[in-house]
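Since the structure comes first, as structure tokens, the remarks are kept for the end.
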């Protein structure tokens, strides 16, 4: 096996307990488990994505370069004059050449107007809400398996496989799921059940959002809803418009089939709509219908989503109105999107299809972690120049260029191995990390590759433990966790990172506009004192 292929695997010694029979009866037995892991992508970054990041930086930072130069020239000119000469130029010469002064003033006003008119409007996040289901929908891992057994939909092998996945998933015993899905022998993946679940979680999140912000539904000018699997007609966005009787000229969009990273795509779309529609509010709803995508067959790669996905929904209120500056929680800094759909392996790594028994479900490829790592590598390499301090960019770029210039020559001869690129410290760019809570394995590998601390990953791990994988809304449950802990202060930068089918990896960066006190409504309020849980406490 080649070295680069071998690097994608990790080994783990598993204690299988005391052998009950056979020649080794009464003695401990062990086995070696081989797992795929994320590639060490920070050691193999692609120079073209670094160039793309710098391209974005230069396009948006041209004023940072030109304005200091103009100030320097102006200061040099003024500094060479005495007070009498300066007064003469400002007043006496101007009195005799009023047309020149008027022309200069007109050019100045025109330039200033063009600058402010061409400058993108600031996008503010007023507030957000995350839906918390009722306690009667709460299911522990043992209850999950028992209900699945009683439903009669799964054989013993499928039940045993799901139990193994659950016990090592990082998911706790307080997640939420529609019990009718596995508590009934009938098919629950129907349009009726899907609409019922959608109404419960979307309206629950939106009711809380409108109550917190005191914004009327009729004041909303843009509505974006993303849900990957469940896409009825009329759409989910139409359901919301009908329920809240929103205005007739609202710009509504419904994104489907875009996976767990669609929440950031929806924010990106809402931002574009706000840029072209001044003085407006936009609402973004991110969710997934667990029941409609429930798989009841025997294909193991399609049983995995059953073990991870849980009920959840987030609703976010954005504004481009300047008067909302004072009451906004965050301002939008950057959005970087990466799509690997041109590659066939990436395109099919999370694929919805029917199995041999014609049961519909999501098939998860064994190459998911490897493919996700490649998409993540591209995304953070592009994001780096936009957010990293100059010192980190300089070290990173210098070692990267050195490796590209001299690495191949060193690798081909007997000289020492080529110098590895400097691994940027993303902890210097962000104070808070909200990484999509997909699974414990993925979070472990991301922490190792990005060299993040346990504190950095706390919000993601605790969200996975408490709410499970809530798809595109998980990054908002993580931000709600940080607010419940009162950790977000004025000026702090929050990095939300999500990835999903396609294959896509998307990043969004927010800057806190004030210290975020513990909100009055938050899905963590009734349990925040118990978190974070340690591995010994986590069941």
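In case you wondered, yes, glycine gets a Cβ from its N, Cα and C as well.
Transmembrane segment is the annotation TrEMBL gives to one range among 12-32, 33-53, 96-116, and that range is 96-116. It is 250-270, from the ranges 250-270, 271-291, 292-312, 313-333, that TrEMBL records as transmembrane segment. The feature transmembrane segment, as given by TrEMBL for the ranges 56-76, 119-139, sits at 56-76. Using Cα positions, the member of the active-site residues 260, 339, 432, 436 nearest to residue 465 (active site) is identified as 436. Residue 436 (active site) has 260, 469 nearby among the active-site residues 260, 339, 469, counting only those with a Cα within 10 angstroms of its own Cα. Remark: of the active-site residues 339, 432, 436, 465, the most isolated position is 339 (fewest other Cβ atoms within 10 Å of its Cβ). Taken residue by residue, the domain 'Beta-ketoacyl-[acyl-carrier-protein] synthase III C-terminal' (431-511) breaks down under DSSP into 39 helix, 21 strand, 21 coil.
For the domain 'FAE' (115-404), the model's average pLDDT works out to 90. Put simply, 260 is the one of the active-site residues 260, 339, 432 whose Cα lies nearest to the Cα of residue 469 (active site). Around the Cβ of residue 260 (active site), a 10 Å sphere holds 28 further Cβ atoms from the protein chains shown.
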